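> According to TrEMBL, the record shows the following:
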type	residues	note
DOMAIN	79-283	domain 'RecA family profile 1'
BINDING	G108, E109, F110, G111, A112, G113, K114, S115	ATP binding site
DOMAIN	288-348	domain 'RecA family profile 2'
Amino acid sequence: MSASEDLEDLPGVGPATAEKLKENGFDSYQGIAVASPGELSNTADIGESSAADIINAARDAADIGGFETGATVLERREQIGKLTWGVDEVDDLLGGGVETQSITEVYGEFGAGKSQVTHQLAVNVQLPAEHGGLEGSAIFIDSEDTFRPERIEQMVEGQDDEVLEDTMELHGVAEEGEADATDEAMFDALVESVLDKIHVAKAFNSNHQILLAEKAQEIASETQEEEFPVRLLAVDSLTAHFRAEYVGRGELAERQQKLNKHLHDLMRVGDLNNTAVVVTNQVASNPDSFFGDPTQPIGGNILGHTSTFRIYLRKSKGDKRIVKLVDAPNLPDGEGVMRVEEGGLMNE
Ligand SMILES: Nc1ncnc2c1ncn2[C@@H]1O[C@H](COP(=O)(O)OP(=O)(O)OP(=O)(O)O)[C@@H](O)[C@H]1O
Ligand SMILES: [Mg+2]
């Protein structure tokens with residue numbers, strides 16, 4: 001049983017019942033979820049309707065989903081959107097941009113530009129579709145206190161005039177045909193509108209971060225019928241708190257378990273709301289044995305299997321950055337180059 005699975009969290013399960021369940025091998029949510037009410041009722045000396053309640057709660061918690069038809073899966077996949085980085089080489093590398101309904105992991109050493117990427121995507125997600133945006137809003141879970149509204153403003157300013165003007169119309173800060181990229185009042189109104197569409201929450205520790213991901217699901221689903229539905233969930237950084245809090249070797253398993261749950265929650269937000277999930281991850285700067293290979297992202301295998309797209313950012317000369325796609329499904333590995341400038345991520 002994982003540490004997060006306390007049987008006493010199930011409705012009507014006290015210490016005695018929990019003990020009986022465990023003695024009889026019902027020691028995980030998953031095991032209980034697939035039991036029959038009769039079986040459970042006999043095992044734990046409880047009524048069948050209480051047993052049914054317990055099973056239902058365990059099913060929800062274990063997230064043993066039902067089956068869906070191939071047609072439903074296809075329909076959902078047809079909704080997948082691609083969010084531009086605003087960098088041609090990177091968009092090409094990704095087959096159009098960051099995908100919704102997927103987790104994209106951006107990893108690299110300090111100063112590589114991971115936080116720049118999350119800021120840029122929070123702006124780009126709000127652009128008109130014809131400019132590579134998703135006409136949506138963003139949720140930004142900030143665990144390192146890196147979110148800077150000033151940076152967002154610079155990245156709005158860094159857009160081409162045509163993009164800026166079409167975005168002004170999309171955001172309703174200018175009438176159709178009236179938008180003017182050089183109009184200060186319009187520009188200010190656009191910046192305000194863009195900032196308004198980024199829901200930022202600071203995560204104070206890993207447990208708080210996990211809670212925020214659950215909260216993100218609520219916010220994202222609430223917005224789906226509105227204008228600018230949530231189309232991006234960024235977590236910057238995914239791993240910093242986990243890394244700082246679970247330091248001993250003995251805590252590695254628990255850390256991975258929690259990270260795994262967290263990623264699962266994030267994936268759910270992506271799947272259920274057609275949202276792109278972008279997480280950042282550090283690489284260890286010193287090759288200590290705990291974190292292993294310094295060029296490998298923190299989090300080990302679990303993260304490797306969950307993130308569908310993995311992007312390795314590497315510093316190059318000056319503002320130049322190498323963007324490398326690593327182990328993506330259905331896409332060849334490859335590299336692109338970008339610059340991190342005052343106006344944001346730019347073509348080389
Ligand atoms: N306003 C700006 N104008 C130009 N370049 C900037 C600006 N702000 C940040 N940068 C560039 O971005 C770099 C910082 O990148 P960023 O903060 O995204 O790194 P990171 O990968 O998130 O690092 P960490 O692991 O420390 O969080 C700076 O070193 C600088 O090169
Ligand atoms: Mg950062």
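The backbone N, Cα and C atoms fix where each Cβ goes, and this holds for glycine too.
Remember, TrEMBL labels are computer predictions, not curated facts.
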> Taking every residue in the domain 'RecA family profile 2' (288-348), what is their average pLDDT?
81
> Using the CB centroid of G108, E109, F110, G111, A112, G113, K114, S115 as the ATP site centre, which other residues of the same chain sit with their CB within 8 A?
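Near the ATP site, the remaining chain residues are Q116, Q282, L313, K315.
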> Drop a 10 Å sphere on every Cβ of the binding-site residues G108, G111, G113 and tell me which sphere holds the fewest other Cβ atoms.
G111
> Check the DSSP secondary structure of G108 (ATP binding site), expressed as helix, strand or coil.
strand
> Starting from the Cβ of S115 (ATP binding site), draw a 10 Å sphere and report how many other Cβ atoms land inside it.
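The Cβ of S115 (ATP binding site) has 21 Cβ neighbours within 10 Å.
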> So which of G111, G113, K114, S115, listed as binding-site residues, have a Cβ under 6 Å from an atom of ligand 2?
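With ligand 2 as the reference and 6 Å as the Cβ limit, the list reads K114, S115.
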